[in-house]
Each structure stands twice: as structure tokens, then as C-alpha cells.
Amino acid sequence: MEFSIDNNINDGAVIKVIGVGGGGGNAVNRMIEENVKGVEFITANTDVQALKNSKAETVIQLGPKYTRGLGAGSQPEVGQKAAEESEQALREALDGADMIFITAGMGGGTGTGAAPIVAGIAKELGALTVGVVTRPFTFEGPKRGRFAAEGIARLKENVDTLLIISNNRLLEVVDKKTPMLEAFREADNVLRQGVQGISDLITAPGYVNLDFADVKTVMENQGTALMGIGVASGEERVIEATKKAISSPLLETSIDGAEQVLLNITGGLDMTLFEAQDASDIVANAATGDVNIILGTSINEEMGDEIRVTVIATGIDESKKERKSSRPARQTQMQSSTQKTVLDMDQAKPISAEEENSSFGDWDIRREQNVRPRVEETNFEPIEKKEFDTFNREETKAKGDDELSTPPFFRSK
């Protein structure tokens, strides 16, 4: 029996990237310059001049009647109304996509106001929708920061997963002499790596294969996410590559607390089974105890001695991380409250040099509670109750030792 594949039915998952506003358009241009393959690029903006500089194959002017091509003036409500005016054009451009990345800079007018509208349209079309946005620098002012926070909150309601890049962290990872364009390229690399990584997962066949269905399982309706790629060579290559992939210094979240992880390892013919195990162990230890890891491996002879690790982690919830970190403390308190009091001070915790130099010395309120003796174990000396002495010993002391040695019964005779 012969089987045939109809390429007209499904030619693979369609991925589209739309940059909204000035920041989003710049990110798309840099991705095109980096020759990212397997995706379609779209740029949408209220500013006609910015659209003229776009390298995307599809450009959309947002709100031509409302803004007349002059931009949103840093007002998110203007960007929102412009996107609503151009909803039909956006819908036509996004239609047919299986996965849509929406990238924008938060805090301004067009990106902040229009990105949530674009995300809503993408979700209505049934596409897996991922937002990748930047939060402005603190020195850009509190008003811009407030606009960004509001825009991120609205966007999060309309996307499956969201990656937030903190511009403030650029100041921590780049040198003071680093040119501005190069610094912003570092932020755009987060988007580029995520898009390229997912595109490669879907299009490149693997020995243990991953497909778009796996990507959808990990990313659909999962909230905050982390995406990263790490490449390394040498003896500890898989360890170094995995740590790079899960440690993105620009993202506002970490893999700690992730519930779903898609892990793909690509290497040459010398890649071993134990290296795949090491990568999986590192990811599992960094995430939650019950993390679901979907593992894929690919052999690429062109990799040589290098190994590339791609990680997509989702379901990251800050409140879960807080509950997880506070749980051991509560358990310790419960255990200590049920334990029997121990008075052997040799078992006390050693005192550090800092505690020894403290004005409180080695006093510890936790030990104080434990070493305080119970009332029933205390022996009271008669001297403590002199005022209740019925024999009136203070008066008899002056009468001499002989009289003290005589019992009161005979002295009364």
C-alpha cells in the first residue's frame, strides 16, 4: 500500500512576528538583519515615517484617520483607538498563523495601547499568542513606568505566554562604554533567540522529535514565561550551555517555579545520552519539584564540538514561588513546637563571630524559650519565704544557740 502526503493540507506551522510601535518595529528590523528564517515579519505603527524605515514584508499604518500618520504622542489611549480603527487590516495580516509573536516597547503610546488589541485579534484567530515586551528604564520617569505597568497587565490578559525584558538590567549586563545600539541589540536577542529556537524546533527533524503540538502544550495559557538558548563546547559543554539557557539576565523572571519546560538539545555525532540526562537534571533542579519536562534531541553534524540547549519554561507564578519558599519555614516552626524541651546546652547551635561580637552576646530568644525550667521542676529554698515562717526564727536567734537547740514544746513549759 502506498501513502502520499498532501503538502497543500499542511506545510508546517506558520509563525508570524509583529512589531507594534517604534520599539517593536526596531526589534523586527534587527531580527531581519540577523537573517532569522522560517517566520513572517509584520510591522504596525501610527508613525508613517517609522514605517518607511521598516524592513518587514508587511507594514500596517494604525489609525490613519485618527492619527493621520503622526504617531500616538506617547498616549496609550491614542494607540488603542488607532489599533481599533485598523482592526480589519490587522486581522487580514495575522490570519493563517499558527503562532504569533507580538513585540513592543511598553510605556509609550502605540506599543502600550495597541499591543493588547493586536493580541486579542491573534487569540480570536486561534493562534498561539506570545508577547515579548520591554519595560522602560527607571530614569524615563514614573509616568512612563505607570503606563508600562498598565499596558503589560492588559497584554497579559490576551496572550498565552508573556516575556518581560527589563531595560534597567541592561545597565547591569553591558559595559559603560557599550554603544546604545549595541546595548539594545542585547535586549532584542531575547526575542530573536526565542523565535529562532521555536522555529528550529518545529522545522528541523530531531532524533527525539519535538513539534508544534509540544510547543503548544508548554506555552498555551501559561502566563509568564522564560525562553533561552545556550551554546558551549568543551568537557563541561552541556552544563554550561544549559545554565546559559535558563539564566537570561534581562528577563524579569527565572525558571524557579516553572511547571512546564520544553527542552531541546542539539549536538554533533559525539553527543551522549548522559549529556541529555545532565541537561534535564539541571532544568529539573532549577524548576519546581513536579515540573513537566518535554525533551527533544537533534543531531547536527555541523555543530562539531558544540552543544546547543534550547529551553522554554512556562507556568511561572511569583505567588507560587513565595508559597514554596515559605513552606519549609512553617514546617520547621511546627516541628519545633511539637518537640520536647531539651536543656542540654551542649546541643545548642554554634555561635558565629558576628553573634559573638553582638551586644546581646550569645543570647537567643529561641533558646531562651526552650531552656526556661518548668515550675514543677523548681526547688524553692525556705529562705525565700521568711515572711511566712511560723516559727519566727529571727526572734529566736538572739536568745542563743542553746535555746535554739531546744524544741519549742519544752521551752513553753
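Quick reminder: no glycine exception, Cβ is built from N, Cα and C everywhere.
Listed features, source Swiss-Prot:
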BINDING   Gly22, Gly23, Gly24, Gly25, Asn26, Gly109, Thr110, Gly111, Glu140, Arg144, Asp188  GTP binding site
REGION    318-344  region 'Disordered'
COMPBIAS  328-341  compositional bias 'Polar residues'
REGION    374-413  region 'Disordered'
COMPBIAS  374-402  compositional bias 'Basic and acidic residues'
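Sorting the binding-site residues Glu140, Asp188 by the number of other Cβ atoms within 10 Å puts Asp188 first. Around the Cβ of Thr110 (GTP binding site), a 10 Å sphere holds 34 further Cβ atoms from the protein chains shown.
Ranked by how many other Cβ atoms sit within 10 Å of their Cβ, the binding-site residues Gly22, Gly24 place Gly22 at the bottom.
Taking the Cβ of Asn26 (GTP binding site) as centre and 10 Å as the limit, one finds 22 other Cβ atoms among all the protein chains shown.
For the recorded site, Asp188 (GTP binding site), the DSSP three-state label reads helix.
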